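Copied over from TrEMBL:
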TRANSMEM  21-46  transmembrane segment
DOMAIN    33-162  domain 'Tripartite ATP-independent periplasmic transporters DctQ component'
TRANSMEM  52-72  transmembrane segment
TRANSMEM  93-116  transmembrane segment
TRANSMEM  136-159  transmembrane segment
Amino acid sequence: MAATPKRQAVVRIVRDLTRYWALLGGLVILGVVAVNVYSVALIMLFDRPFPGVYEIVQVGTAVGMFMFLPYCQITGANVTADIFTSGMGRRAIVALTGLGALCAIAFAAIFLWRMSFGLIDQMTYRETTAIYQFPLWYAFLPILVSLALLALAGLANLIQATAGIVPEEAESA
């Protein structure tokens, strides 16, 4: 069964959104790397570290990694067990792709639900990092957006699976 043009357009939009979101996540990780390099240079040159480097690395890495999840989902770049599926027929692989998409949607929905409560708690209790007093709830915002995009990516994969397309073939579809 072929995907309708509307469904293909939805999948394309979600794919583009996740691609740009992942690129932003890459910039976040590059920022974390730059802070680390700067801190190491300060230690080597002046025997003193950049203050707060651990908090920047912790928050930046968490945010950056969550920003990669939707792109990994929509492109089929998540961990797979190819050794088990290499002998399977196409229908079984498409069915497993659909099942994986449902799992991604469920994972994203549960985490989005629970982390939204975490955001509310962080805002209520005004928890901050130790050195810079950076409000931790700021980090929750891009993480929640990432989880919403992950759910959309899972939905896009499900649409593709119902059309008999696996994510690896989606770029050419």
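One is the number of the first residue shown, and numbering goes on along the chain from there.
Note: Cβ is positioned from N, Cα and C throughout, glycine not excepted.
A quick note: this is a predicted structure, and the numbers were derived from the prediction, not measured.
Residues of the same chain lying 6 or more positions beyond the ends of the transmembrane segment (52-72) and with a Cβ under 8 Å from any Cβ of it are 17-19, 21-22, 24-26, 28-29, 31-32, 35-36, 39, 78, 129-132, 134, 136, 139, 142-143, 146-147, 149-150, 152-153. When the domain 'Tripartite ATP-independent periplasmic transporters DctQ component' (33-162) is classified with DSSP, helix, strand and coil residues number 103 helix, 2 strand, 25 coil. Beyond the ends of the transmembrane segment (93-116), by six or more residues, the same chain brings 73, 76, 78, 85, 140, 143-144, 147-148, 150-151, 153-155, 157-158, 160-162, 164-167 to within a C-beta distance below 8 angstroms of the stretch.
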